[in-house]
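Asker: Have a look at the structure that comes next, please.
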Amino acid sequence: MQTTQRASSFAAAEDNIAMDKAVVYTRIPHLYLWLEILNILSSRPLTGYAQHTSLPEVVIPLRVTGNRPMWAMGWLTYSLHFGGQKHFIHIKAKKFLVSRLFSVFTYTKQGALHKDQPYVQNDCYYHGHMDGDPESMVAITTCYGGFQGILQINGTVYEIKPKNLSSTFEHLVHKMDSEETELLPMRCALTEEIARQMKLQQNENPTLMQSHYEGWWTHKSFLDLALVVERERIRYHNNNTSRVLVEVFTIINIINNIYETLDVELVLLGVEMWNERNHVQVRSIEELLDEFCMWKARSLNFRIPNDIAHIFVNHEFGIYLGLAYIGSVCVPSHNCGVDRLLGGNLFYFGRIIAHEMGHNLGMEHDSSSCTCGTKICLMAPADNGIPKFSNCSYSYYWATYATAKCMRKEKKSKGILRGKLCGDGVVDDGEQCDCGSAKSCADDPCCKPSCTLKDGAACAFGLCCLYCQIMPAGTVCRQEVNECDLPEWCNGHSHKCPNDVYLLDGSPCRDGGYCYEKRCNNRDEQCKQIFGKEARSADHSCYRELNTQGDRFGNCGVIRDAYLRCHDPDILCGRVQCENVAHIPFLRDHSTVHWTHLNGVTCWGTDYHFGMTIPDIGIVKDGTDCGPEHVCINKKCVSKSIWRSQCSPKTCNMKGVCNNLHHCHCNLGWDPPHCLKSGLGGSIDSGPPNYTENYTEKKHKKSIGLVILFWILFACFSVLFIVFLFFLRSYVELPMSEEPKVPTPENKEDTNEVMNTETE
């Protein structure tokens, strides 16, 4: 292969440039058209015409439920019985496999470039593994009904797909053809000579010499991917571009599964299909790589920004499977590769493409000293069935990652990865609502699939929308969450709650702290959050000793590849140091707890190293005090005067507080903007409160309470009265002594006798 770029020798190259300028941008009239087309594919296996070595087994995937922690993290478990035993698969949805701004480029018969932005379901691709076998692989999709995809167990690959016309969720499991899944004579086209030439060519390119980044601790990285599918591969799918897309999505899901061990996430930004003719000639694989890279640099890069771009070709290259530039990721002129796709074994294709992308990421072919638990790994020169990276591949990757700036970017799930599409579940400009999929819209009482409100509906979403109607003014739509926050109320006209406002930065809060960005900042409280309720901020000697070291355990920030030592005035603004720690806390992955004995004090802290994507819990928070009238801002101890504001309790007539927009938030009984007149309180930013309604409600509740209390007392008195009557009746009915009878004429004599007797 030539070491310098040469002009294209392919026909119509000049026409391509002119044609690329005439892009026809279109939108699909009905967004669910793509879904209906793709659903047709459920009758055809995703692996195309792949051969199988045995008759299929019928299985019924059964969902397994229970109290396992992994389910709380989005993992699902299913049991499948095949191969004479029961298997449990753990799967998790792969979010953002396809960009929300995903574009498909095709060509008209006249040669005009046609752009579509179809709705693509993005939560139905799953990756995972078999229970008890961390080396296994599961890559399936549920987008088209049931499970369709690949299961790899102990080096054996199975295809799973739904059984047609089954009413009991039956699936078919096939064992893939062994001649495609075991060691083959096919190999990567990268030879030692070509590798040397590529290195020489790249070393001469100054764009490859990016900033050195010693000490980088690698974690999550993101790669924007663009793909091109040449004419013959589209013909293989009977010119059905929807089938091509399904194949592409499934392959990317498999590759993402392979690269998960490196914590690399691929996001597909776009696909270009050469459905009319190829725009470069397909001859030898070396020439194709050169010409594709040149075409990409002058054409594709302007349509689909990418970190890596590959072309899928349905063409024989002898024994060669693919070719890619080494260490070329992030370099627009060389970050490309060629992949040969013949037949329909998508797992086989996934290994090929993952191998060639490995070259883009700096990985060379494995030598005899490289290992991945077996002697043959993914980056072996000849293809094999083991999609695992070796220790050598890891080393090459780390070296490339240290200089590959495009990989060290924040995830683009927000922002440019989202296009304006009705039906994607996100309300864009010009849409009254967006209920998402057809099923979701069928269940939505307020929104139509056309992203307009249903008859009688005034709203479909928002904190001030209830049962498709706007809530009345004065309804609380956002309660305060802490002492540094302020409430908001609906205004009666909008379905949206007013913007969140909170106390002005610098407002005092508990334990001598200050409010800053809606939180009360205090080092003692920060230590409690990390190490438990008994912990507290350590002695100043801990801060002085550790934060002046300038390492990952004590520093005042990072510039490029170096930790900054804290100067003495700023030691309280570096990393928080704690004491009185009773137990080591449970922290997220990649977190480190350290302790140091210093002059009879044990100083506790956490580290935060390069490449971590989780929040840093151990850095002293901005707004924390660092001395009299001083606070920490950007790891510097600065005067509290930076919070000087025209708003103060005095400007609020001492009847309110200042919010973060420097406006008065008045107490109950005073009216904004300056709390000078009687009113309901609140601010010009919070919406109108309805304290009267709240007072009436409280009064009503109080009245109800008094009524209840009255009836309770009445019942008690009634019981006491009944008891009193019972005892009174018992007393009246007690037996009493007989009284002397009054003598009558008939018994007069007898009476006298008795009386005489008694007197005697």
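Glycine too: its Cβ is placed from the backbone N, Cα and C atoms.
Reproduced below are the annotations present in Swiss-Prot:
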type	residues	note
COMPBIAS	738-751	compositional bias 'Basic and acidic residues'
DISULFID	C336-C406	disulfide bond
DISULFID	C370-C392	disulfide bond
DISULFID	C372-C377	disulfide bond
DISULFID	C477-C497	disulfide bond
DISULFID	C647-C658	disulfide bond
DISULFID	C652-C664	disulfide bond
DISULFID	C666-C675	disulfide bond
DOMAIN	221-413	domain 'Peptidase M12B'
CARBOHYD	N154	N-linked glycosylation site
CARBOHYD	N164	N-linked glycosylation site
CARBOHYD	N239	N-linked glycosylation site
CARBOHYD	N240	N-linked glycosylation site
CARBOHYD	N391	N-linked glycosylation site
CARBOHYD	N690	N-linked glycosylation site
CARBOHYD	N694	N-linked glycosylation site
REGION	738-760	region 'Disordered'
SIGNAL	1-50	signal peptide
TOPO_DOM	214-706	topological domain 'Extracellular'
TOPO_DOM	728-760	topological domain 'Cytoplasmic'
Asker: What is the total of other Cβ atoms whose distance to the Cβ of C392 (disulfide bond) is within 10 Å?
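Answerer: That number is 19.
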Asker: For N164, N240, listed as glycosylation sites, tell me which one has the smallest number of other Cβ atoms within 10 Å.
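Answerer: Result for the glycosylation sites N164, N240: minimum number of other Cβ atoms within 10 Å at N164.
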Asker: Out of N239, C406, C664, N690, which of these recorded positions is nearest C392 (disulfide bond) by C-alpha distance?
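Answerer: Ranked by Cα distance from C392 (disulfide bond), first place goes to C406.
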Asker: Summarise the model's confidence over the topological domain 'Cytoplasmic' (728-760) as a mean pLDDT value.
Answerer: 46
Asker: Validating a neighbour-count step here. Other CB atoms within 10 A of the CB of C497 (disulfide bond): how many?
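Answerer: There are 21 such Cβ atoms around C497 (disulfide bond).
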Asker: Between the glycosylation sites N154, N239, N391, N690, where is the Cβ count within 10 Å the lowest?
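Answerer: Least crowded of the glycosylation sites N154, N239, N391, N690, by Cβ count within 10 Å, is N154.
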Asker: Out of these disulfide-bonded residues, C336, C370, C666, which one has the fewest other C-beta atoms within 10 Å of its own C-beta?
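Answerer: The disulfide-bonded residues C336, C370, C666 were compared, and C370 has the fewest Cβ atoms within 10 Å.
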Asker: Please report the Cα separation of C497 (disulfide bond) and C336 (disulfide bond) in Å, rounded to an integer.
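Answerer: Roughly 48 Å, rounded to the nearest whole number.
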Asker: In sequence order, which same-chain residues at least six apart have a C-beta under 8 angstroms from C658 (disulfide bond)?
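Answerer: Sequence-distant Cβ neighbours: L503, L504, S507, S645, C647, S648, P649, T651, C652, C664, H665.
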Asker: Please identify which of C372, C406, C652, C664 has the densest Cβ environment, defined as other Cβ atoms within 10 Å, among these disulfide-bonded residues.
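Answerer: Neighbour-count leader: C664.
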